[in-house]
Every structure is written in structure tokens, then in C-alpha cells.
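*Asks:* One structure follows; several queries about it will come next.
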Amino acid sequence: MQRVQGQRGRSLIGDRVMIPVRCYTCGRIVSDVWDVYKERIKQEDPGQVLDDLGVKRYCCRRMLLTHAELIDEIAPYE
């Protein structure tokens, strides 16, 4: 994951990430495990990956399990 400078000197993580930063229900930060989760589910069971990453609440698990990566469709041009 690369760091990029945003507007007004703010640092952004990644170049195009649309996963919500926090769980909509409980407010726990879920974006910090997204990259690891996305890589590991290619080879492992998603439920086991979430357990290993410490995502225990159903609401937070829902945020990761049901997220659809739409940024490439929404912003196809740079």
C-alpha cells in the first residue's frame, strides 16, 4: 500500500479505495484490515480470515463480506 499526498497536504492511503472507513452500525474501524482480507480470501475461507483478523462482530463482518469494489466502474478515467 502506497502513501499519496492529497489536497492541502493531507496524506491518503492507497490510490483508490472505496471501502468505508468505519462500520456503519458500531463505528469500529474496518478499513485497516481490507487489503489483508482481500488478498487472503483468494486462497482461504473468508470466515476464517475474518476470525484471524479479529473481526468478531456480525455488523463488521457484513461490511467486509458484502463490499463490492466499484471504484473501477465509477471512475474509469484518471
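Quick reminder: no glycine exception, Cβ is built from N, Cα and C everywhere.
Where the annotation comes from TrEMBL, it is an automatic prediction and has not been curated.
Owing to the predicted nature of the structure, the values given are computational and were not obtained by experimental measurement.
Taken from TrEMBL, the feature Zn(2+) binding site applies to Cys23, Cys26, Cys59, Cys60.
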*Asks:* With a 10 Å radius around each C-beta, find which of these binding-site residues (Cys26, Cys60) has the fewest other C-beta atoms nearby.
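*Replies:* Relative to the other binding-site residues in Cys26, Cys60, Cys26 has the fewest Cβ atoms within 10 Å.
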*Asks:* Taking the binding-site residues one at a time (Cys23, Cys59), which has its Cβ surrounded by the most other Cβ atoms within 10 Å?
*Replies:* Cys23
*Asks:* Residues other than Cys23, Cys26, Cys59, Cys60 within 8 Å, Cβ to Cβ centroid, of the Zn(2+) site?
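*Replies:* Same chain, not in Cys23, Cys26, Cys59, Cys60, Cβ within 8 Å: Arg22, Tyr24, Thr25, Gly27, Arg28, Val30, Arg57, Tyr58, Arg61, Arg62, Met63.
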